[in-house]
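Have a look at the structure below, then the notes.
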Amino acid sequence: MTTLYTVINWLLLFGYWLLIAGVTLRVMMKRRAVPSAMAWLLVIYILPLVGIITYLLFGELNLGKRRAERSKALWPSTAKWIEDLKGCRRIFASENSEVARALFQLCEHRQGMGGLKGNQMQLLTSSDDALRALVRDIGLAQKNIEIVFYIWQSGGLVDQVAEALMAVARRGVRCRLMLDSAGSVDFFRSPYPALMRAAGVHVVEALHVSLLRVFLRRMDLRQHRKMVLIDNYVAYTGSMNMVDPRFFKQDAGVGQWIDIMARMEGPVATAMGIIFSCDWEIETGERILPPLPDVNIMPFEQATGHTIQVIASGPGFPEGVIHQALLTSIYAAREQLVMTTPYLVPSDDLLQAICTAAQLGVEVHIIVPRHNDSMLVGWASRAFFAELLEAGVLIHQFEGGLLHTKSVLVDGQLSLVGTVNLDMRSLWLNFEITLVIDDDDFGSDLARVQEDYIARSRLIEPKVWSKRPYWQRIVERLFYFFSPLL
């Protein structure tokens, strides 16, 4: 009997080390940044069983077999659609400003589609304005509405949006609503999905969270886009979820969420429409390619409109394109660079680019919320402050709520707004969308918003920051080490 126990123990020990060796090899063979690989290996070696399970759940980009197959199947038709769109030459910009030229070239080469001109654009800086505008535009819809959000939380003006959507669906407007399963969990537990479906709205739960399938698909891969498309002509996107801040996360202790949304009219809606169609087909298998814009009847403002490039990121889209876009934007700065983000956990490349810009004499501002809804990300963000401050970056901690706006403004001319946080999940994992606007008028609008944020912020003084308690530095370094995993 003793011999049997000994054999069993040796077999278990051998299996244990074989499992660790196998996962280690798997980590090393995947193409990833060295800091990320080292962080995963540290977790696996310190807490082997917990580390292995965590890695299998969250360590690899896995869309799931069915979605991955759909993602591959949709590209031939999508590529043909993009080629057909290029035939509408009047909607594509042929010139860009000096600061924007490299970024637009990058996006065109990586995505196959250039910047679109002739768009009218309005920056909505309050959730009330954005929600009321949505209610109005949805009520005017004639043909179709496509909506995708990470979070849909009932309450306040959001309920008016829901009622408007159901009303137009009842009169025959084709309405599609796709919401992330994790972000909109409260919505899917509410009566609204049944009410909307009864009204004729096609409601889809994206990337369904299921404990039975945790090892078959990465559970923290989320549908993080925020888009509303109306009649293939009106479009919205930005940092705002479908929530009324007066009713959203009031017990989090961070104040109301502060966001921006962009309302657009013009061919940019077509570019956003193909992104939605890809997401919809990946999730449902249904192909819904948007119609090409009719340049003969749509009132595109060729002379006064904005030039916009749409960047889509996530599984099935050009890998790393948003990361490249941010790097290109930062290195293009010559006078001023202003960035706002709720979560500041940049890659090494982005960190060095920001520091280099400041050391070249560019006036660099980063605006982050003083109080964050994620303790882990809050500590990890502070771990980068010392290096940024030493390089000459001005860091502002916003005190008027949870600043959720994601924006970049380069030299007052080149603007980036959308859903992308400066963290690893947004940069490399989630389905995201970013608008690139080459226009000094829009840049002036965004600058006014950012200046208001700065006025409501506290500037971090390097000397004061250097005197923070030693225990805080220890906690910061701990989270800094694991920042590639956040």
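Yeah, the Cβs are placed from backbone N, Cα and C, and that goes for glycine too.
In the three-state DSSP scheme, HIS224 (active site) is classed as coil. Here HIS224 (active site) comes close to TYR150, ASP180, GLY183, THR419, SER426, ASN430, PHE431, GLU432: these same-chain residues lie at least six apart in sequence, with C-beta atoms under 8 angstroms from its C-beta. The active site feature in Swiss-Prot is assigned to HIS224 (among others).
Annotation comment: Swiss-Prot describes LYS226 (among others) as active site, evidence class sequence analysis. Proximity of LYS226 (active site) to non-local residues of its own chain (separation of 6 or more, Cβ distance below 8 Å) is seen for VAL148, PHE149, TYR150, TYR236, THR237, GLY238, SER239, MET240, ASN241, MET242, MET261, THR419, ILE433, given in sequence order.
The 10 Å shell around the Cβ of ASP231 (active site) contains 15 further Cβ atoms across the protein chains shown. DSSP classifies ASP231 (active site) as coil under the three-state reduction. According to Swiss-Prot, the feature active site maps to ASP231 (among others), an assignment based on sequence analysis.
For the recorded site, HIS404 (active site), the DSSP three-state label reads coil. Summarising the environment of HIS404 (active site), the number of other Cβ atoms within 10 Å of its Cβ, over all protein chains shown, is 25. Among the features that Swiss-Prot reports, active site is placed at HIS404 (among others).
A simple way to gauge crowding: the CB of LYS406 (active site) has 24 other CB atoms within 10 angstroms, across all the protein chains here. According to Swiss-Prot, the feature active site maps to LYS406 (among others), an assignment based on sequence analysis.
If you look up Swiss-Prot, you'll see ASP411 (among others) marked as active site, on the strength of sequence analysis. Counting every protein chain shown, the number of other Cβ atoms lying within 10 Å of the Cβ of ASP411 (active site) is 19.
Confidence in the domain 'PLD phosphodiesterase 1' (219-246), given as mean pLDDT, stands at 93. Look at Swiss-Prot and you will find 219-246 tagged as domain 'PLD phosphodiesterase 1'.
The annotation domain 'PLD phosphodiesterase 2' is assigned in Swiss-Prot to 399-426 on the grounds of sequence analysis. With a threshold of 8 Å between CB atoms, the same-chain residues lying at least 6 positions outside the domain 'PLD phosphodiesterase 2' (399-426) that come near it are 36, 97, 99-100, 103, 150, 220, 222, 224-226, 237-240, 245, 252, 254-260, 262, 311, 313, 322, 325-326, 329-330, 332-347, 350, 367-373, 377, 432-440, 442-444, 446-447, 449-450, 453, 456-458, 483-486.
If you look up Swiss-Prot, you'll see 3-23 (among others) marked as transmembrane segment, on the strength of sequence analysis.
Taken from Swiss-Prot, the feature transmembrane segment covers 38-58 (among others), and the record attributes it to sequence analysis.
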Counts by DSSP class (helix H/G/I, strand E/B, coil) across the domain 'PLD phosphodiesterase 2' (399-426): 3 helix, 12 strand, 13 coil
